[in-house]
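*Asks:* In case it helps, Swiss-Prot gives these features for our protein:
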- 10-30: transmembrane segment (TRANSMEM)
- 86-106: transmembrane segment (TRANSMEM)
- 131-151: transmembrane segment (TRANSMEM)
- 167-187: transmembrane segment (TRANSMEM)
- 203-223: transmembrane segment (TRANSMEM)
- 224-244: transmembrane segment (TRANSMEM)
- 331-351: transmembrane segment (TRANSMEM)
- 393-413: transmembrane segment (TRANSMEM)
- 416-436: transmembrane segment (TRANSMEM)
- 480-500: transmembrane segment (TRANSMEM)
- 506-526: transmembrane segment (TRANSMEM)
- 531-551: transmembrane segment (TRANSMEM)
């Protein structure tokens, strides 16, 4: 169903968005930025907060020395300690609520915008399903982990790299142990058989990836060429899959490619469904369903949609009006014009983030962004049709959607890592353990829902696809997502090497990850490649043992 966006609703949305932007800009201009706030804050140690025992003294410490550099747009520590001295529970509740919203933003942006742009680009470039499956669509499926890893390594607070490392390792452990384990237990009565060649290939490549990462951690440093070599292992994996499918008739490779396509269409954030997609349609369509007062169920559904629409409007509106979308079922000319107009304005705001808003340089950047936005909006309005998306010059539209969806994903991941780091200081928990658990679980819960649903409802083929996806995803996250982060960080330090502090506990997590792979290998081969309860229970025990050990170590450090 195409979008028939009403002009009145479009006007309301535009005015609302402009009011929000105006309030933000007004806040910047009416509160001059101290130049000291723009200087790096790494010369002080934020961990000194633990020596203060009340909110008032912590707030005074933050204001006097300002020791905690936040990667995000908000200073969460000052927000809590300086505004909720008398209501600490309320402040902590608001931070956890914001954490859930950030997970929603990251997952929803990746699935609805980023993946959509990648799929459209693969069609426009006439990529074969083989190449598209292991490149663009893998990038879409692994987007949350990719951006979280990039932010951890490339952000201003370089000390958060352990968050990125633990997130990738924790997510890989969760998917290969918990997700595969639950699938195996759920299918133990069906005695589903897994394709041998594909399983061996994925296990071998994953073990090679884990071994390479362990060597990097043990050595403690890596240069640009070493990081590039680590990342290029994923290119070797892609080439192996493609060649196996093209020349060897490898059905396992074909199943893996199909799994990536299915995951690309099924993988969605946990907060997205139950009406959110329909609410977003209601935002752009400007339609309200006429309900019969005598039909309680229909009236309940209407009000449910309305409440969810109102709650999600502040989250969805900025993205709707800054990310170009040109798909057949979501086309709206007013929204398209608005998105290409506001997108440069948003980019100019991000470019000026660390500048003093009233400076001459910031004003020039804002002026350039506004002029480019007006020009693009005029061109879009003059060259597009009201009812159908553009057929010519489609690449610039898709490239714009890709860039802006990537921008929003990076913003969400940046805030997520910044908030988790702050929560670590607030509760005295290492940010790395939060990356290993909270961030890894949040990014991987979609894999659990998607793969389990596929395995239960799509027969033996669905089970094969689900299990293959449980190994293909972590391979991508380890080699490409983590690899490209290392490449970017090493490039900044080139020709010097970047130092990665050796974390024995991270090596322990890698050891448990290998133990899970070995257990799966031994049980499957002894059971003629059939999934079963023994395999699933063993994987869950391994994961719980790994998690329990890390938690006990963290509690011991706290005392």
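Placed from the backbone N, Cα and C atoms, the Cβ positions cover glycine too.
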*Asks:* Looking at the transmembrane segment (86-106) and the transmembrane segment (331-351), are there 3+ C-beta pairs under 8 A, with each pair at least 6 apart in sequence?
*Replies:* no
*Asks:* Cβ pairs under 8 Å only, please: of the recorded stretches 203-223, 331-351, 393-413, 531-551, which one is richest in them relative to the transmembrane segment (480-500)?
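*Replies:* Ranked by Cβ pairs under 8 Å, first place goes to 203-223.
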*Asks:* Same chain, outside the transmembrane segment (506-526) by at least 6, Cβ under 8 Å from its Cβ: which residues?
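*Replies:* Distal contacts: 162, 165-166, 169-170, 172-173, 176-177, 180, 194, 199, 203, 206-207, 210, 213-214, 217-218, 432, 436, 532, 534-535, 538-539, 542-543, 545-546, 549-550.
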*Asks:* Counting Cβ pairs under 8 Å that sit 6 or more residues apart, are there three or more between the transmembrane segment (167-187) and the transmembrane segment (416-436)?
*Replies:* yes
